[in-house]
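Report on the following structure.
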Amino acid sequence: MQQYKHDFIEFALSRNVLKFGEFTLKSGRQSPYFFNAGLFNTGRDLAKLGEYYAKAIQASQIDYDVLFGPAYKGIPIATTVAVALANQFDVDKPCCFNRKEVKDHGEGGNLIGSPLKGRVLLVDDVITAGTAIRESMEIIQANNATLAGVMIALNRKEKGKSELSAIQEVERDYGCQVFSIIDFDDLVSFLERSAQYTDYLPKMREYREKYGIK
């Protein structure tokens, strides 16, 4: 596991964004862990979050022209990622996000920031059902742009209603790759190396066996 992945897990744990225990998900599944990126909610937290996204984007070597953050959660993520890329890697990329409600006055339209054109890297926290991606694709296509890829914080790597995960369905439907700062296997690797959290390993392995993608 790359060092930035390990550091991101520790960062998420320190902010209670990542928790191990027993949790009931919206799907009704009993999960041995929970991830809520909304708890990265201070200036310092958001700055660090942007740095981890930037490191993962650079590591992915994805070719893109513009960052796009889908409303609402993707908006602060895209903003802090754009700043981190410029500050850390001298990569100065334009940034764009959408409104949920279309304005008919002022600058109008449903996009704020740079024009949405060329190869678009969509940034968000997680992909649960893929709904936000599908809505974003409509916006990207309406602007004659192309989805270059997606970067999220966590890939749960678990099956949805079919044998595929929501992420695999997105990759299949739109012919793009979904990258993540960390995934479920990284969490397991972290637990295997951490004396503090080893008690959670059996439940995590059991969950992967039951719901993990093959």
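Even glycines carry a Cβ here, placed using N, Cα and C.
Feature list (source: Swiss-Prot):
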| type | residues | note |
| --- | --- | --- |
| BINDING | LYS26, 72-73, 99-100, LYS103, HIS105, 124-132 | 5-phospho-alpha-D-ribose 1-diphosphate binding site |
| BINDING | PHE34, PHE35, THR128, ARG156 | orotate binding site |
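Counting other C-beta atoms within 10 Å of each candidate's C-beta, the binding-site residues LYS26, LYS73, LYS100, ARG156 are led by ARG156.
For the orotate site, whose annotated binding residues are PHE34, PHE35, THR128, ARG156, the maximal Cα to Cα separation is 13 Å. By neighbour count, meaning other C-beta atoms within 10 Å, the densest spot among the binding-site residues THR128, THR131 is THR128. Taking only the Cα positions, the spacing between LYS100 (5-phospho-alpha-D-ribose 1-diphosphate binding site) and THR128 (orotate binding site) is 19 angstrom.
Around ASP125 (5-phospho-alpha-D-ribose 1-diphosphate binding site), the C-beta neighbours below 8 angstroms that are at least 6 residues distant in the chain are ALA37, GLY38, LYS73, GLY74, ILE77, ILE152, ALA153, LEU154. Note: the orotate site is recorded as PHE34, PHE35, THR128, ARG156; in the same chain, LEU25, SER31, TYR33, ASN36, VAL126, LEU154 also have Cβ atoms within 8 Å of that site's Cβ centroid. Cβ neighbours within 10 Å of PHE34 (orotate binding site), excluding its own Cβ and spanning all shown chains: 15. Calculated from their C-alpha atoms, the gap between ILE127 (5-phospho-alpha-D-ribose 1-diphosphate binding site) and PHE35 (orotate binding site) amounts to 12 Å. In the three-state DSSP assignment, the secondary structure recorded for THR131 (5-phospho-alpha-D-ribose 1-diphosphate binding site) is helix.
Take the Cα of THR131 (5-phospho-alpha-D-ribose 1-diphosphate binding site) and measure to each of the binding-site residues PHE34, PHE35, ARG156: the nearest one is ARG156. Residue pair LYS26 (5-phospho-alpha-D-ribose 1-diphosphate binding site) / PHE35 (orotate binding site) shows a Cα separation of 13 Å.
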